[in-house]
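Participant: As annotated by TrEMBL, domain 'Glycosyltransferase 2-like' applies to 213-426. Here TrEMBL flags 55-78, 390-410, 422-448, 503-523, 529-552 as transmembrane segment.
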Amino acid sequence: MSPFMKFFLFLYDSLQPSSWFLVQRHNLASSSVTDGVTRSGIVEEIVYIWKQTRIFFFIPILKFLVTLCLVMSFLLFIERVYMSIVVVFVKVLRRTPEKVHKWEAIKDDDLELANLNYPMVLIQIPMYNEKEVCQLSIGAACRLSWPLDRMIVQVLDDSTDPASKELVNAECEKWARKGINIMSEIRDNRIGYKAGALKAGMVHSYVKLCEFVAIFDADFQPDPDFLVRTIPFLIHNHEISLVQCRWKFVNANECLMTRMQEMSLNYHFLAEQESGSSIHAFFGFNGTAGVWRIAALNEAGGWKDRTTVEDMDLAVRACLHGWKFVYVHDVGVKNELPSTFKAYRFQQHRWSCGPANLWRKMTMEILQNKKVSAWKKFYLIYNFFFIRKIVVHIFTFVFYCLILPTTVLFPELQVPKWATVYFPSTITLLNALATPRSLHLLVFWILFENVMSMHRTKATFIGLLEAGRVNEWVVTEKLGDTLKSKLIAKATTKIFTRFGQRINWRELVVGLYIFFCGCYDLAYGASYFYVYLFLQACAFFVAGVGYIGTIVPTD
């Protein structure tokens with residue numbers, strides 16, 4: 001007798017009175033059932049029904065899902081290897097953007113005409129209730145090495161918090177007194193969120209004087225030479241509309257969660273952005289740390305708020321108009337990673353839901369476009385959207401958190417070793433190479449990414465189906481330099497938030513299922529697969545009770 005049947009008989013014996021009641025009610029309702037039905041007969045009937053359901057329902061569905069996951073695994077593997085080969089090719093041949101594209105430093109030999117050689121640049125800093133970091137970003141923008149009469153700093157402040165408003169106004173006044181041409185633009189609403197603020201900022205009369213616009217989120221701090229190193233690409237290459245720079249993280253060492261974010265984002269810039277720039281002259285605009293040609297921005301239709309990824313939306317539309325992009329890996333811009341789990345979840349929801357929703361809205365527009373080649377259309381729809389924004393999230397959660405644990409309960413399911421060992425190991429190592437200093441954190445990174453894949457999968461389906469939270473926009477919380485003082489001040493009095501506020505029931509439910517599968521494999525399995533299952537279950541439990549990231553004390 002199988003272990004499952006022993007367990008079922010145990011449950012049956014423990015529930016005998018309820019089963020007796022059901023039999024009696026059935027006898028009263030149906031004259032065709034004789035009074036001589038025995039317990040063994042009922043059990044045999046239920047066992048037969050279960051076997052038939054297992055054979056003709058569960059196993060075919062699970063086999064189909066396994067096959068589907070194997071296909072997705074192969075597609076992801078090919079995509080990752082392809083991007084890695086491109087990056088290796090670029091690095092070995094030293095095909096830097098300065099060599100591929102024309103780049104010359106702006107000449108200022110003639111002191112009288114020096115400033116005229118510098119184009120007018122608009123610097124936009126959108127923000128919303130970000131008093132912890134607003135002074136840093138405004139100060140960094142005002143310190144850029146660029147003639148003061150050739151740049152305009154525009155602070156787009158949608159803040160509703162009085163303290164944030166006061167800080168922004170005071171900072172703008174301080175730099176205005178130092179001779180910086182700085183404008184503080186305030187809206188009386190938040191329509192369109194960030195896209196709405198950027199769009200409103202472009203309608204002012206002084207913007208017409210500018211040729212380029214640099215965009216920095218409220219926590220970004222560009223180095224003084226940022227414009228000097230990026231603007232020449234746009235001056236000397238009229239087909240280029242966007243120069244995107246790499247992100248550098250000032251708080252990567254704050255906690256384990258920020259270290260793992262650093263690993264993922266470093267790979268994104270090194271592999272996805274670098275390969276897209278080198279082969280297709282296209283990649284997704286990261287929404288900050290970039291410089292746009294205003295003429296290209298306007299030709300593409302300007303900022304739109306139809307999704308929560310207005311930056312990606314603009315980039316795709318500009319690409320469809322024939323504009324090219326360049327990614328400059330050597331220019332880094334300091335910024336802050338979300339260090340609380342709540343903030344990171346909101347950010348990942350927006351980053352996963354938005355692209356899926358944009359893919360739904362733009363697929364036909366891409367197919368019907370007449371200005372780009374069929375090859376670029378294929379790259380946009382398949383590589384950029386389908387594989388990197390849709391498949392990767394769904395596959396990671398369904399395969400590693402649902403299908404693989406379920407295989408221990410259904411021995412009929414056979415998953416080849418290449419899908420469980422070789423492909424995942426290769427993809428993981430390729431990701432780790434982008435951040436060599438974190439190689440020892442690979443196991444934690446794998447477990448953490450699998451946990452986050454649940455939220456990303458949910459957000460992806462919300463975007464595809466345009467469900468309830470499809471347009472939800474929550475500004476990612478930045479703690480800035482106030483974090484340490486806040487923690488120190490309350491460390492001896494109130495370290496943790498209320499336990500109930502940290503509970504994430506979805507993580508706990510998935511963790512319990514994986515833990516159950518691990519126990520079953522430990523008891524009846526013939527391999528050590530339960531080791532992975534227990535580790536993954538623990539990762540879900542840790543996230544479920546909220547003990548991940550920085551825990552900020554509450555009042």
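Cβ coordinates come from backbone N, Cα and C, glycine included.
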Participant: Can you say which of 55-78, 422-448, 503-523 has the most Cβ pairs under 8 Å with the transmembrane segment (390-410)?
Facilitator: 55-78
Participant: Is it the case that the transmembrane segment (503-523) and the transmembrane segment (529-552) have 3 or more CB pairs under 8 Å, with pairs at least 6 apart in sequence?
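Facilitator: Since 3 or more Cβ pairs under 8 Å link them, the transmembrane segment (503-523) and the transmembrane segment (529-552) do come into contact.
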Participant: Sort out the residues at least 6 away from either end of the transmembrane segment (55-78), same chain, that have Cβ-Cβ distances under 8 Å to it, and list them.
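Facilitator: Answer is 387, 391-392, 394-395, 398-399, 403, 406-407, 410, 412-413, 415-416, 419, 423, 426-427.
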Participant: Same chain, outside the transmembrane segment (529-552) by at least 6, Cβ under 8 Å from its Cβ: which residues?
Facilitator: 254-258, 338-341, 344, 400-401, 405, 408, 443, 447-448, 450-451, 479, 483, 486-487, 495-497, 499, 501-508, 510-512, 514-515, 517-519, 521-522
Participant: Suppose you look only at the domain 'Glycosyltransferase 2-like' (213-426); what would the mean pLDDT be?
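Facilitator: Looking only at the domain 'Glycosyltransferase 2-like' (213-426), pLDDT averages out to 95.
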